[in-house]
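Trainee: As listed in Swiss-Prot for this protein:
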- 1-71: transit peptide (TRANSIT)
- 149-183: repeat 'PPR 3' (REPEAT)
- 250-280: repeat 'PPR 6' (REPEAT)
- 284-314: repeat 'PPR 7' (REPEAT)
- 385-415: repeat 'PPR 10' (REPEAT)
- 417-451: repeat 'PPR 11' (REPEAT)
- 452-483: repeat 'PPR 12' (REPEAT)
- 484-514: repeat 'PPR 13' (REPEAT)
- 515-549: repeat 'PPR 14' (REPEAT)
- 550-584: repeat 'PPR 15' (REPEAT)
- 585-615: repeat 'PPR 16' (REPEAT)
- 616-650: repeat 'PPR 17' (REPEAT)
- 752-787: repeat 'PPR 21' (REPEAT)
- 824-895: region 'Type E motif' (REGION)
Amino acid sequence: MNCLANESLNSLKISPFSTSRLLSSVTNFRNQLSFSSKDSSSSSAPFNPFRFFNDQSNSRLCNLRTTKILQAHLLRRYLLPFDVFLTKSLLSWYSNSGSMADAAKLFDTIPQPDVVSCNIMISGYKQHRLFEESLRFFSKMHFLGFEANEISYGSVISACSALQAPLFSELVCCHTIKMGYFFYEVVESALIDVFSKNLRFEDAYKVFRDSLSANVYCWNTIIAGALRNQNYGAVFDLFHEMCVGFQKPDSYTYSSVLAACASLEKLRFGKVVQARVIKCGAEDVFVCTAIVDLYAKCGHMAEAMEVFSRIPNPSVVSWTVMLSGYTKSNDAFSALEIFKEMRHSGVEINNCTVTSVISACGRPSMVCEASQVHAWVFKSGFYLDSSVAAALISMYSKSGDIDLSEQVFEDLDDIQRQNIVNVMITSFSQSKKPGKAIRLFTRMLQEGLRTDEFSVCSLLSVLDCLNLGKQVHGYTLKSGLVLDLTVGSSLFTLYSKCGSLEESYKLFQGIPFKDNACWASMISGFNEYGYLREAIGLFSEMLDDGTSPDESTLAAVLTVCSSHPSLPRGKEIHGYTLRAGIDKGMDLGSALVNMYSKCGSLKLARQVYDRLPELDPVSCSSLISGYSQHGLIQDGFLLFRDMVMSGFTMDSFAISSILKAAALSDESSLGAQVHAYITKIGLCTEPSVGSSLLTMYSKFGSIDDCCKAFSQINGPDLIAWTALIASYAQHGKANEALQVYNLMKEKGFKPDKVTFVGVLSACSHGGLVEESYFHLNSMVKDYGIEPENRHYVCMVDALGRSGRLREAESFINNMHIKPDALVWGTLLAACKIHGEVELGKVAAKKAIELEPSDAGAYISLSNILAEVGEWDEVEETRKLMKGTGVQKEPGWSSV
């Protein structure tokens with residue numbers, strides 16, 4: 001050992017004297033800065049120990065190899081373990097170099113360890129993320145009879161915070177307060193951190209406010225805690241207080257505040273913070289990454305790329321944020337290009353990056369790219385990660401290939417399947433395969449795999465059958481999962497969805513502590529089935545219960561006022577939000593705009609819209625829709641133009657709204673302008689936008705443009721297929737409509753009620769009576785869809801156009817549901833065409849009984865009677881019409 005020590009020291013050009021001085025300096029430095037040791041003041045070093053320690057710790061000498069050489073030299077000189085200062089210094093060097101095993105061996109050789117040496121071990125374990133070992137050593141320290149000091153408590157509380165061990169944290173925190181160490185800065189910051197991570201932000205905030213001299217680290221810890229607890233208001237308030245006070249924000253502060261702006265998509269305030277960052281010169285990689293994340297989450301990818309390009313050496317987080325931003329913006333090809341550049345840059349890719357690029361490929365038009373990414377994932381070994389496997393399952397599900405999703409799931413081992421079974425159940429749900437979801441859940445139980453509240457909630461979200469829902473309900477009662485708040489909420493949502501509102505309300509009442517999500521879900525359930533009074537009453541019950549409604553609950557109540565237009569109720573809710581001071585949120589603002597638009601109060605809707613803190617496509621869409629419904633097409637287009645001119649990229653929902661407005665206008669040029677904008681931003685391939693384009697051109701009478709719009713859609717969905725069928729039907733092209741319908745079925749799509757309206761309408765317009773009967777029967781027999789009055793209207797129209805009026809009457813009388821006024825009105829119109837007076841009288845009488853305020857039935861009957869010269873009855877009909885207060889709408893011309 002002596003030879004080894006001499007040789008090594010000579011090669012490093014370190015003399016024994018220098019070694020002793022170095023270790024002594026280390027000891028003095030650590031004692032003065034970290035351990036508050038009384039012995040540190042007694043050291044009489046002939047040189048500046050701070051400068052010497054800093055020089056050596058920043059050099060190549062501060063590593064494991066050097067530390068072992070120094071230990072060998074000190075052993076040769078018999079200085080270990082008898083020299084306490086040198087032993088502690090060497091212990092600290094082992095800790096700093098990351099070799100805690102060697103540090104533990106050295107600690108065991110110390111004849112009389114003290115609190116300082118114990119602190120070195122506890123801090124070392126914590127520093128190298130060996131948090132459980134840090135807690136064990138803290139317990140060992142008490143077992144050895146040493147009394148912990150502020151350094152001990154600060155380190156062990158930080159370890160508890162990282163482990164998220166609430167019980168042990170509680171014990172240590174109580175003991176810290178009892179021993180009177182809570183006022184030390186190192187303990188205060190650790191307490192703030194542990195309370196924040198254990199969802200006790202109020203306690204963390206109290207510790208912070210009680211602090212006599214909070215440093216920047218304490219400020220950053222409380223701001224990060226507020227961010228972690230999604231208390232964004234506290235983040236901004238603390239940041240403002242910090243800026244006007246004596247503490248100067250650093251890069252960590254700016255990163256936290258920018259993250260809060262990104263979460264709320266507060267671009268305007270984020271730009272203010274960015275300006276302050278530039279002014280202070282705090283643009284490091286962490287802050288720039290936070291700025292990139294802000295722009296990406298707000299949909300401003302050009303600005304995000306500009307900031308990203310200025311980062312000298314982007315980290316893996318920086319690359320991943322850019323990739324995720326393009327994915328969120330539906331720009332999959334840019335996301336793949338970023339991923340390609342990232343691989344060439346040499347940055348180490350992590351599982352978050354991989355899941356982001358996989359998510360970008362989750363669309364029917366990117367099957368080839370999805371396969372290539374999957375192959376790379378398999379080759380690189382990332383497929384062993386559960387989160388990556390879950391992303392692959394979701395990707396194939398969204399691409400429309402649920403079989404490949406299932407294959408990925410089956411290729412996993414039991415542990416991985418346990419972790420992501422919820423993802424598979426959700427994928428089955430999105431692919432409308434509830435049977436497979438139920439079988440998978442049953443298999444989990446049979447194989448002994450653990451089921452939790454997430455598995456049950458995923459399954460309940462799939463079900464639309466009350467009997468199966470009751471079976472799952474029974475399982476939750478047996479397993480005790482029914483006590484979980486999310487499971488209880490999912491159960492009563494299922495009952496509500498299946499039309500069993502009474503059972504749903506019973507379950508709702510059985511939940512002891514209802515959160516806002518429960519109240520909002522029950523209110524939405526009442527709203528869905530038209531129970532306006534009950535929904536509003538439930539909101540009043542919530543207030544009486546002492547629960548303060550959040551934005552989601554208030555938005556649900558406003559949706560009730562929108563679905564069943566009730567302007568007075570809506571104004572009352574708006575007044576409540578103003579009094580409560582919660583009227584500034586984007587979600588609530590959008591709900592208010594939608595409510596006022598649906599209730600016809602467009603002036604108030606525009607006032608709320610103009611006061612929104614940020615431009616919002618959802619609110620814009622609601623207002624455009626309101627303008628369109630009330631004939632203010634030009635106002636809708638002006639609003640759309642203002643949004644585009646401001647540089648805001650409209651989403652598919654806003655585009656669909658303006659296309660519906662264009663379809664209601666008489667100017668095809670407006671629709672063409674919108675189409676040009678859609679082509680420019682690349683949304684023509686989106687199914688929802690393509691369907692709206694198709695419908696617009698159909699109303700303009702351009703069937704060729706309808707076909708072009710359909711051909712541009714990447715992976716047309718059922719809505720797009722149905723829109724094309726309806727377009728052909730509207731233009732009397734029955735054969736083409738039926739060909740599209742058959743092609744749709746060949747592609748694997750199952751028709752719904754709306755699809756059959758288009759099919760039956762095509763048959764009626766083409767006079768295809770037998771085909772109408774066939775498809776009406778197919779609805780029930782092949783797809784289990786019960787026909788509604790709108791389907792029967794098409795059937796009566798087909799019979800009426802073919803002159804089979806008595807058969808149409810017999811068909812109406814044998815309907816499984818009560819015919820409405822439109823059914824009888826359709827027969828009446830056919831009687832007018834074929835001059836069938838007596839049957840026309842019967843049809844008119846039925847239609848007037850059902851809709852006495854509809855002028856159409858009176859006018860049609862009057863015209864039939866006039867054509868056969870029965871003027872007395874014409875006069876009687878007109879008197880009846882006048883007596884009921886019905887007036888014919890006057891004609892108008894745009895010429």
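Cβ atoms are placed via backbone N, Cα and C, with glycine included.
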Trainee: Between 250-280, 385-415, 452-483, 484-514, 515-549, who has the most Cβ pairs under 8 Å to the repeat 'PPR 16' (585-615)?
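Mentor: Ranking 250-280, 385-415, 452-483, 484-514, 515-549 by Cβ pairs under 8 Å to the repeat 'PPR 16' (585-615) puts 250-280 first.
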Trainee: Report, as numbers and ranges, every residue of the chain located at least six residues beyond the repeat 'PPR 6' (250-280) whose Cβ falls under 8 Å of a Cβ in that stretch; write 'none' if there are none.
Mentor: 216, 219-220, 223-224, 226-227, 230, 232, 235-236, 239, 242-243, 286-287, 289-291, 293-298, 300, 586, 613-614
Trainee: What is the pLDDT of the repeat 'PPR 16' (585-615) when averaged and given as a whole number?
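Mentor: The average pLDDT of the model in the repeat 'PPR 16' (585-615) works out to 84.
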Trainee: Give the nonlocal contacts of the repeat 'PPR 10' (385-415) in its own chain as ranges (CB under 8 Å, at least six residues past its ends).
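Mentor: Here the qualifying positions are 351, 354-355, 358-359, 361-364, 366-367, 370, 374, 377, 421, 423-424, 426-428, 430-431, 433, 436, 447, 449, 715.
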Trainee: Count up the helix, strand and coil residues in the repeat 'PPR 6' (250-280) according to DSSP, in that order.
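Mentor: Result for the repeat 'PPR 6' (250-280), in helix, strand, coil order: 28 helix, 0 strand, 3 coil.
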